[in-house]
Structures are given as structure tokens and as C-alpha cells.
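To start, I am sharing the structure in question, which I have written as C-alpha cells.
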Amino acid sequence: MIKQEWKNKTVVTAFILLGFGNAPELDSLLFLMFLSIYIVTITGNTFIIVLMVANPHLHTPMYFFLGNLACLEICYSSNILPKMLLSYLGGDRSISVNRCFTQYYFFGCLAAAECYLLAVMSYDRYLAVCKPLHYPSRMNGKLCLQLGAASWISGFLSNSILTFLISDLDFCGPNDIEHFFCDSFPIIKLSYSDTHVAGLVTSVVAGVCSLPPFLLTFSSYLYIIITVMRIPSASGRKKAFSTCSSHLIVVILFYWSILTVYVLPHHDTQISPNKVFSVFYTILTPLVNPLIYSLRNKELKEALRKQ
């Protein structure tokens, strides 16, 4: 865990993820719960990808982005849940420093990529609802590939500098991370180095990765609502809303949980509200994504019946 490097100085070689507190009697229950969530998440998102690849009727921009989102959610869950499951199964909550920084890097990259991808999906719905005559020419295959690639590349580039800054900090103990996965602020809190720059860069990167996509998403849905309200028939308004309601549910859940985590103050309780709300955007959002799109999407249901 911590090795002696020279006199009066120790170097942390592993962190301890405290998770949801020290309650061994709950380990079995938590293991079964998170295992079920992980299985459903992987199965559901994989099913969406396979269904859209196999069905030519789903080879449209909306489902192309949905396939990217499903792939991202698989990576997102696989970055966090397997380690949690192993810790509850074997009781070993330690994670090496290198693995911890790797987990944080991919978490930050995938979270940023999801923000960008959700914004791209909202723009796609904006064009489909507000500019239907121009939609086929504007949202062509080339633009879809460019927007999808930009979301992934921007997400992975945005967290590189921050991960380097955090990994360059000195950790001399304690090594207990008050979280169920390796996140920036809980890690920075353990360092004895000057963390001002790392903390500042963390805030800047978080703002760049979340605020512009959120504003774009909000603006897109604002224009969609205004356009839909101008439709004279109730059936027309209902049809227009149904095309984007599923995406809106995912966006609200994702951003609501993230904003809650960063707005609420830290608490010195065994299970802080920040830790609980982190479950929403790290574990529950990848879970509900396939459920929402499968149960609320008529085209997916129709494609499933034809298989």
C-alpha cells in the first residue's frame, strides 16, 4: 500500500476505495445489485447496437448517434463496475495508483464524450423537428461521422492534461479515497503537493466539457418546444414530442445528477449525498439508456418484431 522511500517520507503505491462504507453484512446484497445492473446494462446496450447494425431501416442519423451512445455506455460501465464487483466479492478494496489514474482518465474522457454526444443528438433532433425539409441534406452521412468522431476525440483529449497533472502530484498517505471509484477531487484531496493548479484545471475542464454542450442541448430543445407548440393539431404535437422525449429523459437524468454532485456541499457522513448522486450518472444512466430507448421507441419495437 505505502512503501518507505527514504527517511521521513513514504510513497503511496495503492489507494483504498471506501465505497459505500464499512458494512460487510451488506456486501453480498450490493454485489448482487450491481452485478444485475451491470448485466442489464451490457446486454441492453449491446442489443441496441446489434439491432441497429442488422436492420437497414435503422441506418439513420438518429440511430447512428444512439449506437454511439450505447457503445459509450458499455465502456462507461465497464470502467467502474467490474472493480466494484471484485471488491464486494473478495473484500479487497485496494487499487494500485496506476490503475486508479487509468480508471479516472477513462471516466473523465467518457463523461466528456457523453456530454458532447448528447449535445450532438439534441442538434440532430432540432434539425429533424425544426428544419425537416433541410434535414436530409444537412445531416448527411459525412456530417454524422464527423460529429460522432468529434465527440469521442474531444472527450479523450479533454482529460489528458488533467490526468497528467493529478498523476504528477505527491501522495504520502493517507490513501483512503472517499468514493466508489477514482475521481479527481477525492484523489486531489489526498495529495500533500500544491493542488491549486490541479484544482483550477479540474474546474476549467469540467466547465468546458459540460457547460457548452449543456447550453447547446438546452437551446436545441427550447427551439424544438417553440416549433412544436406552433403545430395546429394535437396529434402532430404529440408525434413531434415523441421523437425527442426519450433523449430528453436521458439528458435530464444525466445533467441533473452531475449538477447535483457539484452543487451540494461535501458532508462528513459515511455515505455523502455527492457519492449517492454519483451513482446516477456513472451507473444508472447507462442502465436506463437501453430501457428508455427500447420501451419508448416505436421504430425499435417494430425492428425487433421483424427479427
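Heads up, the Cβ atoms here are built off N, Cα and C, so glycines get one too.
Reproduced below are the annotations present in TrEMBL:
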DOMAIN    44-293  domain 'G-protein coupled receptors family 1 profile'
TRANSMEM  31-54  transmembrane segment
TRANSMEM  61-81  transmembrane segment
TRANSMEM  101-123  transmembrane segment
TRANSMEM  143-166  transmembrane segment
TRANSMEM  200-226  transmembrane segment
TRANSMEM  247-264  transmembrane segment
TRANSMEM  276-295  transmembrane segment
The transmembrane segment (200-226) and the transmembrane segment (101-123): do they have three or more Cβ pairs under 8 Å, with pairs 6 or more apart in sequence?
yes
Can you tell me the mean pLDDT for the domain 'G-protein coupled receptors family 1 profile' (44-293)?
84
